[in-house]
Each structure stands twice: as C-alpha cells, then as structure tokens.
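In what follows, a single structure is set out as structure tokens and then discussed.
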There are 2 protein chains.
Amino acid sequence: MADVYPNESTSNGTAAPGVTTGAIRGSHKVHHHTESGLRVPARRIELSNGEHLDVYDTSGPYTDENAEIDVHAGIPPLRRGWTDGREHRTQLEWARQGVITREMEYIATREDVSAEFVRSEVAAGRAVIPANRRHPETEPMIIGKNFLVKVNANIGNSAVTSSVEEEVEKMVWASRWGADTIMDLSTGSRIHETREAILRNSPVPIGTVPIYQAMEKVGDPAELTWETYRDTVIEQCEQGVDYMTVHAGVLLRYVPMTAQRVTGIVSRGGSIMAAWCLAHHRESFLYEHFSELCEILRSYDVTFSLGDGLRPGSIADANDRAQFAELETLGELTHIAREHGVQVMIEGPGHVPMHKIAENVRREEELCGEAPFYTLGPLATDIAPAYDHITSAIGAAEIGRAGTAMLCYVTPKEHLGLPNRDDVKAGVIAYKIAAHSADLAKGHPRAQERDDALSKARFEFRWNDQFNLSLDPDTARAYHDETLPAEPAKTAHFCSMCGPKFCSMKITQDVRDYANRHGLTSVEAIEAGMREKSEEFTSSGGRVYLPVAE
Amino acid sequence: MADVYPNESTSNGTAAPGVTTGAIRGSHKVHHHTESGLRVPARRIELSNGEHLDVYDTSGPYTDENAEIDVHAGIPPLRRGWTDGREHRTQLEWARQGVITREMEYIATREDVSAEFVRSEVAAGRAVIPANRRHPETEPMIIGKNFLVKVNANIGNSAVTSSVEEEVEKMVWASRWGADTIMDLSTGSRIHETREAILRNSPVPIGTVPIYQAMEKVGDPAELTWETYRDTVIEQCEQGVDYMTVHAGVLLRYVPMTAQRVTGIVSRGGSIMAAWCLAHHRESFLYEHFSELCEILRSYDVTFSLGDGLRPGSIADANDRAQFAELETLGELTHIAREHGVQVMIEGPGHVPMHKIAENVRREEELCGEAPFYTLGPLATDIAPAYDHITSAIGAAEIGRAGTAMLCYVTPKEHLGLPNRDDVKAGVIAYKIAAHSADLAKGHPRAQERDDALSKARFEFRWNDQFNLSLDPDTARAYHDETLPAEPAKTAHFCSMCGPKFCSMKITQDVRDYANRHGLTSVEAIEAGMREKSEEFTSSGGRVYLPVAE
C-alpha cells in the first residue's frame, strides 16, 4: 500500500488535535433528515459533470469541516435523551413490541430502507443494533445479512507496545476509511484509560473481549473467577462498550478435540477458557453463569458477540469437530440470550479454504436462528503471511456473499506484528472491497451505483472524478501522478497504459458519437446506419485516435 | 506492499548482471529427474527441524547459485535437440498420436502426475503446452484445469515510458516470484528488440498480442491489412513467441452491441479490430483468414490465446450480449484451430461481480470444448483503483476455483499507470494467493502440503521456517522485525500480537504435552486422563504461559 501521512492538502487530513481531521479528498459531509428530523450523515462526492454521489459515512465529526474536535472533551453525545421518559428496554425488546426506536429510524435513512423493515429484522434477531445506552456518542448502525455488509477493525495496545493516543488515532483513522465498528483488544496496562478515551471519541460502536482485562487483574487463567469476570463486564458496560465477545461456547469436553489439530486453539479468549477448564476440570464459568451475564448485558442493551474460541487457525483444521461442536453450543446460548431480550451475533472463522466457506454460514444460520454472523476473514490459504489482508479478503468476500453480516478485518501484519497506521488503512480498504463485492453479489439494490459512477467517469476520462469516487482518492491520484504527473493529464483523453494512439476507450467513444450524430439509438439502427454511412465513417476514420475535444 | 530492493542478504538477490539473481531466502534450487533423465527444477525450502519442502519453481537459472548469467548471451537452450529426427508436429498432434513428448515427460515430473495423464489432457484439448520450437530456453509447463492453476504477468513498455533492460528485469523479477508465463505487451518503439531480449532470457513461455506491433507499422487501425498482420505474426513466430492473443472473435455485427455499454470496448486489440471493421464496413480479416493463421501457428507449435476483445470493462457490462456473442465465435474458432492441430486457450474477463463469475466458466467450457480458460482477474468491483490487485484477486480466486486454468495478474497500477518493480511483485504475489486458494478449493492432492508445513511451523514458533515457507520470506521477516527486531524473537515462544502472557498457542502446546506425558492418544483417552489427573494438571497450571523450553 502507498504510504500516506497527514497532510492538509489530502484526504489524510490534518493531525493537529492529535487525531486526523478534515474531509476526504473530493467530498464533504452532508446530512439527510429523517421524518422526525434526525440528521443522518453521508459523504457527498461532487463530480465535475455537475452530478454527485452520496456514500455511506462512518467517519463521524472528524471529517466535518464545521465540527470542533477536542479529544479530551470527546465528541457530542448524539443519542443523549433519545430514550428519556421511556422504560429501559433493548432494541430487540422494543422491536418485538412493534416500537420503532430513533435508532431504527436513523438506520432506515442511513441504509435507505423503511424503518418498519429495520424493526422487523431486529425483532426476528436477524439484525442487531449495537448501541449501549451509555455510549451516546455512537451514530446508530445495523448489522444483519439484509443490510450493507459491515467491516470491523481491531485496534488495541499489547504488553509489547503502543500508547493511548495511538489507539484513539487508530480508531479515528480506521473509521475515516470505512470501519463500521471498532474492537478495542487492548491487553497490558492502561486498559480502562485507553478504552475510556476511545469510547468518548468514537462515532462507531465499540466492541471488547472482557476476559482480556479480567486476565490482567488475576495474571493467570487458573486464577480467573466468575466474580472477577462479572465485575469486569459491569465496569465495561458502565463505560459504554456496545458489544462484547464472550467465549461461553468453549466447554470442557471440547478441549480434547483440539489436541490433534495442526494449530490447536488460536483464539486468545478460547485458550484462556480452555486453560481454566483444564486447570479446574470444571465446566466453563461463562457457560454456567450465562443467564446472569444476559441480565447484565440486557440492562445496558449491550450486544453479545458469542466468540468462536475453537475457530480453526489453519486450513487443515477448518470445519472440524471442535469448531462445529462449539457452534452448536453457541446456538443454544443464542436462544437463551434472546429469551432475556439481549441482542446476539455469532463470531466465525478464521482459516477456511474456499470450498468449505459456505457451509459455515449454512450451519450458523441453522443453529443460531439466523443471528448475524461476524467472521474473521476467513483466510483462504495459510501460505502468505505479510499479505493476509489479501488471503482473507478473498475468504471475506466469499463468506459475505454467502450471508455473513460483518467482516472483521485482517491487516498485512497478521501473524507477524502489530498493525501501524498504514496497516490499519490497508486492512480497512481490503475489507471495504470484500464487503462491497459481497453487496454486489447479493444484489443489494443500490450497491452498484458507485461502480457505475466510477466506471462512467473512467470511460469519459474524468480522472479526478475517478479518483474521488474510489475508496482511496489519495492513493489512486498518487499512482496516476507517478506515470503522468502533469495536471493536464488529469483531463487527457487517454491513459498512461496505452498512450494516446492505443486508447481502447476512444474507439467506443467514436462508435457512440457516430450513433449520436445520426440519431441512431437501437443496436439494429446503429448497425444499419453504419452500413449506409461506412464511407463517411471511413473518412472520419482518421479521427479515431484524436481527442474528442477536437 | 513493503518496498524491496536488490540486496545480497535477501531473496531479492543481487542485480549485478542487470537482472536479479540469487536464491530466494531460505531455499535453494534442486533438480528432480524424470525416467529418461531430464532434470526438472524445484525450489527446496530447508526447515529448522531437519525436514524440507520442495515447491514448484518458475524462476529458471536466475535463482541457481551455480548458474552463470549473461543477459547478452541469454540462458541455456534447454530444449534444443529435443525434437531432432522427429517430424515437426504440435504437442496436440503428438498427444493425439499417443506419443509422450519430452515436454510432457518433463511436465509430469513438475506437476507430480503421470506422463500419460499429461498426454491425455493435451490430446483432449483440455490442456496446452505453450512451447514454440524456436524458444528452446523455455522450461516446459502446462495450462489446464486439471493441473496447478497458473499465473501470467504482463510486462511491456509503452509509447509513454520504459526501457529494454527494465522489461527483461521485469520478466526475471516476475518469474522469480512465481509468474508461470509472461506476456510482452510492448507498444511504441523497439518492440522487436525488447521481445528478442526477453525471449532469449526467459525460462517461462512468452505470449504477445501481434496486432500491437502491426499497428506500430501502419499507425492507424484503418490502414491495417491481413498481409501486414500475417508478416508480423511470422516475425514473432520466428523469434520464439510461445502463445499469441488473436482477437478474431470481434465481428462487425458485434460492434454495435457495445455502443450502449457503460465502458464500451476496453480491450486494445478488440478496439483496433472494431475500428477496422467499422472503417471498412467489412468482416474482420482475422476471422476471414483464420485458417491461414492456423497453418502458420501450427508450423511453430505456437498456441492460440483467443482474445476476448469485447470483454466487459465494468461491473455494469458483465455477461452482456456482446461478451457472450464473441465467446460463441471463439468456440467456433477453437474447433477450427484444433482441426489444424493447433493448441488453443480462451481469454476471459475482465470486470465481473462474484455471482456472475461461474457462468463465464460454464459457457466457455461448453462453447469451447473445455479449452483452457485464461482470465484477466476478473475484478469483483470497480470502486478501488490503486487496489485492483485485490479487487481482482477476489475474482481470480473465484474463477480459478470454478475451473479457470491460468489467471492474468493485475497490479495496483491497473487503470492508473504503468507498473514498476514493486507493483509487478505485488501483482504476482496477489495472484499466487488466488491461484493457490483455487488449488485448495479444487482439492488438488498436494496443494495443502505447504499450508500445513507453514501452519505447523507457526504453531511450533519456528519463525524463520514460517517466513521461508511463505510466498514472500523477505516481507514476512521484515514485518516481524518491525515489532520484534531482535534475533531471539525469531525463536520466542510467543508472538508480538499477544505478548508472552496471552499466547493462545501455548495452552494447546500444554494440552498436547500433557497428553503426551501420559501417553494419551485418542480424544477420549485424553479426556479421561485429564479427569483423573486434574489435580496434577492444576499444579502444572502455572506452566501454562511459560516457554516450553523451561
């Protein structure tokens, strides 16, 4: 990926207040209004032909030229007061009662569907709205297979490296490029402080894996207790975490199933719970106290992300007995959570060869009552460390197409190191590509608009429009500059690949101009017309490789 | 992608003789011997546990420490004399006669299948061996859906930029990283000279699009004649080009079908032929003289790559009337070529959303008698210029899985500029990932060996083995160095993501060690054993996050 750094003149914005701000190149923030007047953000890309395209915007106030950003004060609490005077219920409970919440209304406008459709999908458990009532800063979004496929970006410091400011900037940076949710996977010191800073500044839902912090408190998995874990979950609910990964499906009897795997247990949370079960030879306290956990999450409307602690860590272990045994238990827990009125999504693998991907979605939907599936990749092969954003984008596009609702990104540093700023961007862009490819494959009614607008711009040699309509205008422009730096090249009627004489798009322009000149619309008419006027066309044959302008 | 430049200490080798030489890090060239004693190259990756893995090797003498490289003299003519005393026939004709050629024998060892199987696939037209008898430098390889999926890399200067030396180095560089064939798409000046230098130095088959050079000779498509084209084809056959893209399927009556497309005609060759047809209002001279063309290619055993001149250039145009009309004509031409004893493969798109990809393979196999399909990507979306190696790797993996035999790479510069050294590597690696993902999905008997070896190394914390088994050892190692530079980290029993206390792989190691200590093999035995010895395990619980070494 091209290295890009904060710079006023580009959509990488300015890093003045410690985080990246400023509009993405070629676009600016606009707001659409819902029936009751809620303001829903969108990113408007203005085109040189007077048209414009509004695209889904996850970047929050950071890309709003009119917003004042103060990382210490946090961003405005958009949802404060939305539930005033209302009894505390979860989005699932409201939906079941037939009530359309403001969050649903907001999401309907954001996804361009009816509010009633949003409500019905949430009521059915096919979609979740991760929105802890103590995280009013979040701009409501929905995760479900009948909506746009979403992308999650993981950030988080570790015992080995990184700082609070870095993590907040990673959150801002990841959502700038399109991350729909962020998971804070911090371990090591300052977990609470880091999470607080991220939550107060985050316009997207924040997910966590509470057991990491619980581990920090006790030091060894064998020392973990339900009480420590419970108190950690409450602490995080109070802070405003929107969804939590809980590895309650790792049962004692499943652990031996992993002993003969090529890569055993690769999930951190899964391995911690396995260690606890073995050390005490007792059933998982997460499984045994699951109903209590449901009551805690329900009171904040925190969404469960039931973790796949036994997910395969290699192609060899994909779709094995351990993985699917745990999935059955996740199905059982899904129904318990729903009885408690708690929203649920299910986490999935991991490392899976392409031909075994669809089965994961089929089983998950069957066992977990179509709860939104949220997968890590999967990587379609193990042989390309340093390129796992690509090995996994292949699997992610495939599993998204099969019905996965949210894709957890993988960066080029997966398996090797901690992602830096550029790795985070590379991972997010690769996953926006996978998610959009899946939206197209699923026939999402409006997904193709952006492809068509960009291809039309490309065909008409509107270079700047092509750059601005892309997922990364800066890098697209920078690559074009490498071969044809001059500004006139941005309006040239040929491109650097073939040069002026070989431009394949020109000839079509000419076929089309020819048809227009003679008012020919149907294919047949054009064909007939060309037959008559072939001499005339011959005489204009010399025009074939000259600029249209002439 | 990480920038990598020639450097003695890395697998980027030395650029001393003007091209990159030296073994790829962690591996060295070995030769396997066929029954009759032909020496077939492989790349041996030595592992720290005493094992090794031999992988398919496309890099030729450049990675052989014992080879002397002289770009001006060219590489040794491996196949010189292989057909001495034999009548001139094509591989297809020999195969039909039941004769196993040396090329087939060589390929059988290279692909680890029987020579008879190679012969039968070639005889059926399901596979081709692109090997012009005037290109003796080529190491025989096969393209067919029942063999490993292959990758082609396009290089070539253009009117706008680049030099002969650069193009030869791009060929060496691309095949170093795994390109199975190279297409020289040079336009502009010095086409003949550039191609000669590439052919004499290339261990992989070279493909071209003769109409580009024919265009250089006449300057305007309207001026093209069959005679000019024919003489250009003969000139290139004489030089040793192994396969040629011929856009003989672009018929006059198909051109109007493109007028209402979003991106019209995007193939250079296709647009040139369309321009010719319109200018003269006559049927394509390539179509009308196709039998003569077959006789020319037959006499050198040059393989046809029937070009898809009307391939879709955008998601909107995928699988449209123009595209499939041309494919029908390519099917007709395939059968004519086979009657002449000429080998044939078929070129495919382009830009296609995931759900429309499989249909392309199904129709191609049906219309073209299962002739090997050779596709450009396809890109699964149009919205990510600067990342089209990724948008297209997604489509390539999908179409490879569906039966495409060779994938033409796309670099990050697609649509924007000309690829440089790093772009070529990025494109090749992305496509090796797509091809290997397809091999796994197709259940290729030996494809998973490398995944398993790498995952086993990863699980056992054999970091250097993990790097060396990857597609790009330098970048994998460089990324690990960014977080944990010290050499001891390369043997550390944890990784930089979680740090020593959170290593998920350690716990499985412990489950496994525990099982071994007690001689427990079956899952049931392990489970039972753990029950008995749970106290003992508890006492050893403290070991959970300590290095195995201890």
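Placement of Cβ uses the backbone N, Cα and C atoms for every residue, glycine included.
Residues or ranges marked as region 'Disordered' by TrEMBL: A:1-22.
Taken from TrEMBL, the feature domain 'ThiC-associated' applies to A:25-87. Here the domain 'ThiC-associated' (A:25-87) returns a mean pLDDT of 94 for the predicted model.
Per TrEMBL, substrate binding site is recorded for A:Asn154, A:Met183, A:Tyr212, A:His247, A:Ser267, A:Arg268, A:Gly269, A:Asp308, A:Gly309, A:Leu310, A:Arg311, A:Glu347, A:Tyr374. The DSSP secondary structure for A:Gly269 (substrate binding site) is helix. Its Cβ taken as reference, A:Gly269 (substrate binding site) is surrounded by 26 other Cβ atoms within 10 Å in the chains shown.
The Zn(2+) binding site feature in TrEMBL is assigned to A:His351, A:His415. Shown in sequence order, A:Thr263, A:Pro312, A:Gly313, A:Ser314, A:Ile315, A:Asp317, A:Ala318, A:Gly377, A:Pro378, A:Leu379, A:Asp382 are the residues of the chain, 6+ apart in sequence, with a C-beta less than 8 angstroms from the C-beta of A:His351 (Zn(2+) binding site).
What TrEMBL records for A:Cys495, A:Cys498, A:Cys503 is [4Fe-4S] cluster binding site.
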Distance, A:His415 (Zn(2+) binding site) to A:Gly269 (substrate binding site) (CA atoms, angstrom): 17
Distance, A:His415 (Zn(2+) binding site) to A:Ser267 (substrate binding site) (CA atoms, angstrom): 12
Integer Å distance between the CA atoms belonging to A:His415 (Zn(2+) binding site) and A:Asn154 (substrate binding site): 14
Chain B neighbours, filtered from binding-site residues A:Asn154, A:Gly309, A:Arg311, A:Tyr374, Cβ-Cβ distance under 8 Å: none
Same chain, 6+ residues apart, C-beta under 8 Å of the C-beta of A:Tyr212 (substrate binding site), given in sequence order: A:Leu185, A:Ser186, A:Thr187, A:Ile191, A:Arg268, A:Gly269
Residue pair A:Tyr374 (substrate binding site), A:His415 (Zn(2+) binding site) - Cα distance, angstrom, rounded: 20
Maximum Cα-Cα separation in Å among residues A:Asn154, A:Met183, A:Tyr212, A:His247, A:Ser267, A:Arg268, A:Gly269, A:Asp308, A:Gly309, A:Leu310, A:Arg311, A:Glu347, A:Tyr374, which the record lists as binding substrate: 20
Integer Å distance between the CA atoms belonging to A:His415 (Zn(2+) binding site) and A:Arg311 (substrate binding site): 15
DSSP-assigned states of the domain 'ThiC-associated' (A:25-87) in counts, ordered helix, strand, coil: 4 helix, 20 strand, 39 coil
